[in-house]
There are 2 protein chains.
Amino acid sequence: MDSSKNGTPESEARAKGKAAAGAVPPPVAAARVGRGGWKKGVAVFDFLLRLLATGAALAAATTMGTTDQTLPFFTQFFQFQASYDDLPVFTFFVIANAGASAYLVLSLPFSIVCIVRPQAIGPRLLLLVFDTIFVALTTAAASSAAAIVYLAHNGNANANWLAICQQFNHFCQQVSGAVVASFVAALTFIFLVDLSTICLKRN
Amino acid sequence: MDSSKNGTPESEARAKGKAAAGAVPPPVAAARVGRGGWKKGVAVFDFLLRLLATGAALAAATTMGTTDQTLPFFTQFFQFQASYDDLPVFTFFVIANAGASAYLVLSLPFSIVCIVRPQAIGPRLLLLVFDTIFVALTTAAASSAAAIVYLAHNGNANANWLAICQQFNHFCQQVSGAVVASFVAALTFIFLVDLSTICLKRN
């Protein structure tokens, strides 16, 4: 790099040529100097978003998993009780959100690798592919549960399905909260995919 | 580039340096030579997948939108009839899938730009961000409709919701077909996101 002190364009080009012939290829070297800090910031934000999504998915799974309401009156034969496993959709909801939080916890080390080495493509690509799958999974869980919650709140006269939330008020509130938490997790996943995309753009 | 005929490492490095100082930066030039054909193939595949997804989303919207079954018996006061707009979830389904097919048709010119210029980052990034949003939208439509279709087929004894598919057999079949088509569209969107990711990887 000493020859660049001459200052002529010709010698500068020669100096660049020597750098290019070295161990580090030019695009990587340029990115390391110019965009390393910016990418590290995005990687830290990615890590924080993953913590938020873990919290949201875990909250959704536990809130839904612990719903259980027994009405204070009962007939001679049975007591009125509502729990999440009365409806298969809610069971799927718990499994999907528990799976999403497990994946998010497992993805944290990869996210840390992306902070330490912002130029690494492998872990970033791995996270992006799995994040896209979990966008679909959490959205599916949240929206199918939302369809049933809507039915529980409003009923449907055409299909002759009655609203059950008048009786199971506490149950419905808890389930609605879980659905909102799951939607937060799904939106965070969409945001994570977009963040990873921006990071991959210039490698 | 004539100096590279000398064969010494020093002169080769100088030649590279001259290329680096020219109008075309080295990473773009290298990618244009080495990976243009590969990327063009992926872009063509992306275009074909978009056509498939357009067909699936359009089929889902039209199949759901034309469901209408009138039972051959009626009481004194009203006739039994089932149509997609009896359930708000199915209305959302039609809107979401129609929106997805409209977006897919609009995205075709951008996909063609990606075929013509495989190195262009702008249109690819735009497609990726919107594709991710439509992964969520089509999955939400398909899974919420699937939750209701499951209920229509099986009913739920705990919530005292009866199955309606014994009566409205044709209606249920048509709705189930629409849900399957919408899931095909959602899966194609996930695949499109992953394809775009691979294309963005090395630019």
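Each residue, glycine too, has its Cβ placed from N, Cα and C.
As annotated by TrEMBL, region 'Disordered' applies to A:1-20.
Marked as domain 'Casparian strip membrane protein' by TrEMBL: A:40-187.
Sequence-remote contacts of a segment are chain residues at least 6 beyond its ends whose Cβ falls under 8 Å from one of its Cβ atoms, and for the transmembrane segment (A:47-67) they are 82-84, 90, 93-94, 97-98, 100-101, 104-105, 107-108, 111-112, 114-115, 138, 142, 145, 171, 174-175, 177-179, 181-182, 184-185, 188-189, 191-192, 195. Residues or ranges marked as transmembrane segment by TrEMBL: A:47-67 (among others).
The transmembrane segment annotation in TrEMBL covers A:87-113 (among others).
Tertiary neighbourhood of the transmembrane segment (A:125-152): same-chain residues 57, 60, 64, 87, 89-90, 92-93, 96-97, 99-100, 103, 107, 110-111, 114, 161, 163-165, 168, 172, 175-176, 178-179, 182-183, 185-186, 189-190, 192-193, 196-197, 200, selected by CB-CB distance under 8 Å and a gap of 6+ residues from either end. Here TrEMBL flags A:125-152 (among others) as transmembrane segment.
Residues annotated as transmembrane segment in TrEMBL: A:178-200 (among others). Remote same-chain partners of the transmembrane segment (A:178-200), defined as residues 6 or more beyond its termini with a Cβ less than 8 Å from a stretch Cβ, comprise 39, 42-43, 45-46, 49-50, 52-53, 56-57, 59-61, 63-64, 67, 93, 97, 100, 114, 118, 121, 124-125, 127-128, 131-132, 134-135, 138-139, 141-142, 145-146, 149.
Helix, strand and coil content of the domain 'Casparian strip membrane protein' (A:40-187), in residues and according to DSSP, is 110 helix, 14 strand, 24 coil.
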